[in-house]
Each structure stands twice: as structure tokens, then as C-alpha cells.
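Student: Here you go, one structure.
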Amino acid sequence: MTQNIHQDRILILDFGSQYTQLLARRVREIGVYCELWAWDVSEAQIRDFNPSGIILSGGPESTTEAGSPRAPEYVFQAGVPVLGVCYGMQTMAMQLGGRVESSTEREFGYAKVEVTAPGRLFDGIQDALSADGNAVLDVWMSHGDKVTAIPSDFTTVASTETCPYAIMANEAKRFYGVQFHPEVTHTHQGQHMLQRFVLEICGCAALWTPATIIEDAVVRMREQIGDDEVILGLSGGVDSSVTALLLHRAIGKRLTCVFVDNGLLRLNEAEQVMDMFGDRFGLNIIHVNAEARFLSALSGIADPEAKRKTIGRVFVEVFDEEAAKLPQVKWLAQGTIYPDVIESAASATGKAHVIKSHHNVGGLPEEMKLGLVEPLKELFKDEVRKIGLELGLPYDMLYRHPFPGPGLGVRVLGEVKKEYCDLLRRADAIFIEELHKADLYNKVSQAFTVFLPVRSVGVMGDGRKYDWVVSLRAVETIDFMTAHWAHLPYDFLGRVSNRIINEVNGISRVVYDISGKPPATIEWE
């Protein structure tokens with residue numbers, strides 16, 4: 001009998017912080033299951049979830065403003081430990097009888113917190129000692145408002161020069177508030193603090209590991225699917241690849257994968273996918289070469305969004321045709337991951353700002369009447385990668401730089417043609433190969449080549465040629481929300497440019513994109 005890896009669980013209420021998903025990932029890294037819900041959940045929902053502890057996230061709003069978010073009253077009546085982070089601390093203080101005010105001195109960035117009283121959350125955790133012999137913590141602050149009076153049954157545990165209540169605690173009720181962000185790496189002991197809260201104060205067992213997640217997923221899929229057959233669109237990307245191997249472990253040959261080669265993949269990618277999953281792992285794969293069909297559909301289309309929608313529509317058509325040949329299939333598998341679920345929930349409640357147009361199997365016709373299998377829907381991307389390693393997928397494949405769903409369709413600017421894709425594939429392969437050779441690939445967050453539909457004069461030997469231009473793009477980023485262009489060495493860029501121009505007949509000029517995000521986006525389209 002498998003362990004119930006969901007038995008100990010943390011509930012994180014989201015007040016809108018940019019770090020909230022990071023907070024959830026940190027709890028998962030400790031080995032404990034958690035879920036992320038909007039702040040305005042009902043008492044019944046919390047009771048039904050039955051958390052071992054609750055964390056209130058940070059957020060961009062001010063508790064001093066009318067109508068600002070509040071934690072449900074039941075949070076403080078449930079009898080479980082509660083940790084308030086930044087805004088979460090402020091709403092905890094205000095709701096339990098303290099006071100919060102807007103501060104003239106805002107704190108953004110590094111700060112030193114001096115611990116002046118004992119407390120379970122921080123005992124024995126420190127970065128340094130003060131002149132008075134107190135523990136000092138290096139933390140990351142990001143707040144304008146601050147608590148100016150704590151609830152009467154709380155004690156002050158720590159402060160900074162400008163924040164008198166940096167940590168507050170009610171040990172009897174196991175309520176804690178921290179004005180800083182323990183989830184970010186800039187708070188050096190942050191993970192240690194979260195570990196103390198989750199494992200010791202909440203009493204959770206660390207059951208959430210790659211091996212136990214795989215075991216749990218296999219059991220649940222077998223229960224869900226029974227003796228039926230399943231179809232999966234396999235792209236060779238991380239999510240669909242891990243989904244395929246999990247399903248294969250659960251139901252073996254009753255899984256049929258459909259790999260659609262749209263002609264917009266990287267150099268030799270189709271062959272690599274078939275070798276990896278067909279030959280090495282023994283999956284049942286239908287390989288559909290639909291390059292001509294996709295390129296025909298894209299003919300004459302230059303608008304990026306129109307290209308995306310066309311690629312998505314044709315994929316659905318091709319996949320639907322293949323699925324229709326398999327009437328015995330009763331289930332459709334998808335590589336939906338937890339951030340997709342969070343995004344969809346936010347969209348449904350009207351709390352999301354921008355929802356990307358996805359071009360996956362989610363648009364399949366309703367008449368297919370297939371049940372849905374989503375074995376990754378509880379997992380963050382980093383967890384999916386760890387499970388992939390546990391299942392035997394190569395590190396280099398799982399940790400490749402991001403590749404857009406529409407593939408080269410959005411890296412060829414303007415109209416997409418086979419000639420352009422073939423040139424771009426070869427140029428990009430040279431760039432990536434040289435990054436690996438120079439040990440630079442893992443030092444940048446994303447690197448790729450873009451095809452520009454303009455010709456430039458070049459000189460080869462004694463003659464002139466009028467050929468195409470490509471741009472190299474490499475960025476460094478933590479969250480892909482903002483990014484800096486990577487300062488690659490000049491001699492490296494020169495070597496890449498020289499190889500592309502000499503080895504890829506049809507390209508006469510190579511440029512390097514030095515735009516940051518913002519104002520530019522990482523991808524050109």
C-alpha cells in the first residue's frame with residue numbers, strides 16, 4: 001500500500017505577491033504538499049482541505065485602504081499554525097487587533113533583522129550576532145506599510161532600524177508574522193525558517209518526493225483509466241515527455257503517443273524524439289510528418305498571433321484525424337502543470353490580468369468525448385523535471401532552454417517558409433553547439449537564433465552575395481518577467497558568426513540582440 005503523500009498539507013492564501021508561487025515551491029522542496037488558493041476562500045473550502053498549517057502570502061495592496069483583501073476569519077479559528085508573510089503579517093496584525101500604517105520610510109531590498117526575543121520559528125537560526133549578542137538575520141524586504149502596534153496577545157520577536165515589528169509571534173496559538181520574504185534566496189536563512197514552520201511547528205512529515213510522487217501518480221492513473229486505452233500528443237517537450245513516461249509506467253502499451261512533426265522543430269529534433277521514446281523507452285508512437293500541411297497553412301501569414309492560431313488549429317486537425325483512427329481510445333492525456341491550473345482558476349474568477357493563447361490539445365473537438373488524464377496537474381515545472389530525472393530522462397533534455405510551442409513559427413519573423421526554417425535550424429544549432437563548447441549554455445537562461453526576412457550584401461571570395469540576416473539572442477533572467485541581455489564574450493560571438501556565415505549557405509550577416517526586457521520581450525514575436 002502506498003503512502004498518502006497528501007495527508008500533511010499546507011494551504012497558502014494568495015494576496016497577489018509576485019513571489020507567491022515561489023513560496024509554494026519552497027514548501028514543496030521541503031517535502032510537503034501544498035496548494036495555492038485565492039485569499040477569499042470560504043470556511044467550508046478550508047475545512048474540506050483540512051490543512052496542517054496556513055501561510056498568508058505577500059501582496060501589492062495596502063491593508064490601510066478600504067476594501068483591501070483580508071484573510072477569512074476562520075483562518076484564525078481553525079486551530080492550526082498560521083504564518084503571515086509581509087502583507088500577510090499586516091492583515092494578521094490588523095484583523096487580530098493590532099495597527100498598520102503607511103510608512104514614510106519604505107523598505108525595499110536587503111535588511112538586517114535583529115532577533116530580540118526567543119521563539120520557536122527562529123531559535124538557533126542566524127546569519128550573524130549583534131553587538132548585544134542577539135541573532136541577526138539577512139533578509140529581503142519589500143513593503144511600504146508597516147505594523148505599528150501588534151495584537152495584545154503577541155510578542156515582538158525582532159526588528160530593524162526602521163521596522164519595529166519585523167517579526168511577531170503568538171506562541172500559544174502558533175501564529176507568526178514576518179515583514180520580510182523568507183521564500184526568496186536573498187533571505188539567506190529563509191528556507192530554514194520555512195522548514196521550521198512546516199515540519200516542526202505544523203508537524204508535517206516530508207512525504208512529497210519524486211519517487212513517492214511517481215508511485216502515487218501510477219496508482220491514481222491505474223484507478224482512473226482501468227483497462228482503457230489512452231492517447232497523448234507527444235511534442236518532445238518536458239511536460240508531454242514526463243507525462244508519456246508516467247503513463248507508460250502505469251498502463252504500458254495501452255498508451256498511444258502521437259508525435260506531429262510540424263516542420264517547425266529544431267535540427268534533428270524529430271529523429272531524436274523517435275529514438276528516445278520509441279527505441280530507448282519502447283513507447284507506442286505514431287509519427288505524423290505534417291510539415292507540408294503546416295507550411296501550406298502558414299503561407300502568406302505574417303502576423304505573429306495569426307501564425308500562432310494557425311499552428312494551433314492545424315495541430316488540432318492533425319491530432320483529431322489520428323485520434324479518429326483509434327476508436328478504442330477512451331482517454332486523452334495532457335501535460336497540464338500546476339501553474340496552468342492556477343492561471344485557469346484566476347481566469348475563471350476574473351483575477352488574472354493576461355492569459356496567453358495556448359496552442360495545445362485543449363482545443364480538441366468536444367465530439368471526441370474523451371476523458372481527461374492530467375498526471376502533472378499538481379506539479380510545478382521544477383518538480384516535473386525532477387520526476388523526469390527519476391524516470392530516466394536525460395538531464396540535457398529536461399533542462400534545455402525554453403522553446404516556444406509554435407516553434408520556429410515565431411522565430412522566423414513574418415511569413416514562414418521552408419527555406420527560412422531550414423536556414424534558421426542550422427544557424428541555431430551552431431549557436432547552441434558553441435555555447436555548450438564554451439561552457440556558457442547553463443550560464444544563460446535562454447539562447448536562440450531569429451531569422452530576419454531581410455537581405456544584406458556580403459562578400460565571399462572575389463564575389464558579392466545578397467543573402468539573409470539572422471540575429472543571435474541570449475538573456476539572463478530569474479523569472480522571465482524581466483531579463484538582461486547576456487554579455488557574451490566578443491571572441492565567442494565572432495566565432496559563432498564566422499561559423500554560421502561559412503557553414504550555412506544563404507546567410508550573409510549575423511547580428512546580436514542587446515535589448516533588455518522591458519522594453520523588448522525575450523522572443524521577437
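Glycine is no exception: its Cβ is also placed from the backbone N, Cα and C atoms.
I grabbed these lines from Swiss-Prot:
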| type | residues | note |
| --- | --- | --- |
| DOMAIN | 9-207 | domain 'Glutamine amidotransferase type-1' |
| ACT_SITE | CYS86 | active site, nucleophile |
| ACT_SITE | HIS181 | active site |
| ACT_SITE | GLU183 | active site |
| DOMAIN | 208-400 | domain 'GMPS ATP-PPase' |
| BINDING | SER235, GLY236, GLY237, VAL238, ASP239, SER240, SER241 | ATP binding site |
Student: Hey, for the ATP site built from SER235, GLY236, GLY237, VAL238, ASP239, SER240, SER241, who else sits with CB inside 8 A of the CB center?
Tutor: LEU234, VAL242, THR243, GLY335
Student: Hey, of the recorded positions listed (GLU183, ASP239), which one tops the CB count within 10 A?
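Tutor: That would be GLU183, with the most Cβ atoms nearby.
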Student: Give me the mean pLDDT over the domain 'GMPS ATP-PPase' (208-400), rounded to a whole number.
Tutor: 90
Student: Highest CB neighbour count within 10 A among the recorded positions CYS86, VAL238?
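Tutor: That would be CYS86, with the most Cβ atoms nearby.
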Student: Between GLY236 (ATP binding site) and the residue listed as 'active site, nucleophile', what C-alpha distance do you get in Å?
Tutor: 40
Student: Cβ-Cβ under 8 Å from GLY237 (ATP binding site), same chain, 6 or more residues apart: which ones?
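Tutor: In sequence order, the residues whose Cβ lies under 8 Å from that of GLY237 (ATP binding site) (at least 6 apart) are GLY335, PHE403.
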Student: How big is the Cα-to-Cα gap, in Å, between SER235 (ATP binding site) and GLU183 (active site)?
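Tutor: For SER235 (ATP binding site) versus GLU183 (active site), the Cα atoms are 33 Å apart.
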Student: Measuring Cα to Cα, how many Å separate ASP239 (ATP binding site) from GLU183 (active site)?
Tutor: 25
Student: Given the recorded positions CYS86, SER240, SER241, which one's Cα is the least distant from that of HIS181 (active site)?
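Tutor: So, spelling it out, the nearest of the recorded positions is CYS86.
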Student: Within the chain of SER240 (ATP binding site), which residues six or more apart in sequence place their C-beta under 8 angstroms from its C-beta?
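Tutor: In sequence order, LEU232, GLY233, LEU234, GLY335 meet the Cβ cut-off.
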Student: Closest of the recorded positions to GLU183 (active site), Cα to Cα, picking from CYS86, VAL238, SER241?
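Tutor: Looking at Cα distances from GLU183 (active site), the smallest one goes to CYS86.
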Student: Pop the Cα-Cα gap between the residue listed as 'active site, nucleophile' and VAL238 (ATP binding site) into the table, whole Å please.
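Tutor: Given the Cα positions, VAL238 (ATP binding site) is 34 Å from the residue listed as 'active site, nucleophile'.
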Student: What is the interatomic distance between the Cα atoms of the residue listed as 'active site, nucleophile' and SER241 (ATP binding site), given in whole Å?
Tutor: 38
Student: Might you list, by sequence position, any residue in that chain lying six or more from SER241 (ATP binding site) with a Cβ less than 8 Å away from its Cβ?
Tutor: LEU234, SER235, PHE277, GLY388, LEU393, MET397
